[in-house]
Amino acid sequence: MIELIIVAVAILATGYLIVKKVDAAVALLVVGLALFMVAPFLGHTDTGTFEVEPSGNAWYDQLQLATAIFSDRFANTGLVIMMLFGFAAYMSHIGANDKAVDLLTRPLLKLRVKYLLVPIVFWVGNLMSLVVPSASSLAVLLMATLYPMMVGAGLSRLTSGAVIATTATIVPTPLGADNVIAADRLALDLGEYVFSLHARVSIPTLVVMGVAHYFWQRWMDSRDARRGRTLVDEAAGGVGSVAAEDAPRGSVPGFYAILPVLPLLLVLVPYVLTTVGVIDFQVSLLPIVLVSLMAGLVVEAIRKRQLLPSLNDLKVFFRGIGDGAASVVALLIAAGIFVEAITQLGIIDSLVAATENIEGAALVLMLVFVGATILLVLLTGSGLAPFYSFIEVIPRIAGQTGINGVLLALPIQFAGNLARAVSPVSAVVLIVSRAMNANVIDLVKRTVVPMAVGIVVSIALTWILIPGAVG
């Protein structure tokens, strides 16, 4: 009982720190280490799956456990994520990301069928998240490019902003850090997790969300019109605060658009060929990223006709690695320590024991985790921090209950990414609302229904399409 109280206080303390704008990784790390120091007083010193050589001092062993978590996260999943960040940074530096975005958005600039733009921009924006993985960066880019076009076509500012605020959601891509982590924790091949399991649920969910956007935004515009609110504003609409340099430059050849998605293609093609029985070859993401990076270097050197400056540009790759370590990997490590501390205190075992005799335990656990994820995202504005925490315990719960871990992981992952666009404190919502000079709550009213539809549909499809039991 005392362990449960301590963990409850720790969770509340973490939430309080995050709400007070303390970095999520810092909050999770500090509270997790504090729990590590408390655990030996209660007789809990189990190191789980980590090998720690006993030193004779329980508290020093706890610090060794924390160090082991650091090493594990950096050496495995963290390395993949950092490499992807480095690759994305290099693609941005050479203008390849801008060219890909430019080619994706160019057809939309010619489309003038008013509300048809709503689902199309939503779907195209999700495709663009393949080359601009940051929700905030994608929002800035779209506010500078597509927002004026949407307003100019006759859509209201709130409709246009709501669509843009919800574009970075649940696209099935092996380049996403959350997908890399989920596949690793569930001991699944990345291609299988993304293309066979994730895509089975996410693609139809995205289709339904686009349709929901269409009807919800039309209804909200009609309601605002009845209330006498101005629907259409000038094309500039307040996007002057968005930096012009974030717009696509279009100064590189068109084939550069292929470079940012080259890792995706090099993972997808062998997976498809292996699935249909043409070849038997599984690829790892790290070699694929290196091949794609070298391809970009060669192309850039040929275009510039200068080898040494092109080689020197690769330092951007290492800066990107540092950015990945400071953001996502730091959060991954901190969440790992926090969850390991909670697990060490026996809370996960208690949760499993409490659900063992419940009929429909899989559905109960799914809904509990999804509900907790949504609450944390709404309070903190981070769509990934709760997922990174929960994914650490999913394999253990799944193993002890016989439930398929994917059945729990997918709804949590989707709920985190979708609820972010409903949180009034999330970066993407604040960026869009500020750029178009709109009230944050007014914007959230426009995003809540499509995102809620997406969460419900993803839960239903996961329950229907993903086997509930292992084997």
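Counting starts with 1 at the first residue shown.
Every residue gets a Cβ built from N, Cα and C, even glycine.
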Among the residue ranges 158-177, 398-417, I'd like the one that TrEMBL describes as transmembrane segment.
158-177
Which stretch, 197-216, 285-303, 324-348, 448-466, tops the Cβ pairs under 8 Å count with the transmembrane segment (158-177)?
197-216
Cβ under 8 Å, sequence separation of at least 6 from the ends of the transmembrane segment (285-303): give me the contacting residues as numbers and ranges.
79-80, 83-84, 86-87, 90-91, 94, 96, 174, 180, 190, 252-253, 256, 259, 262-263, 266-267, 310-311, 313-314, 317
Stretch with greatest number of CB pairs under 8 Å, the transmembrane segment (197-216) reference, 25-43, 74-96, 324-348, 448-466 candidates:
448-466
Mind checking which residues reach the transmembrane segment (448-466)? Cβ under 8 Å, same chain, six or more beyond either end.
162, 166, 169-170, 197, 200-202, 204-206, 208-209, 212-213, 216, 363, 366-367, 370, 374, 404, 406-407, 410-411, 414-415, 418-419, 421-422
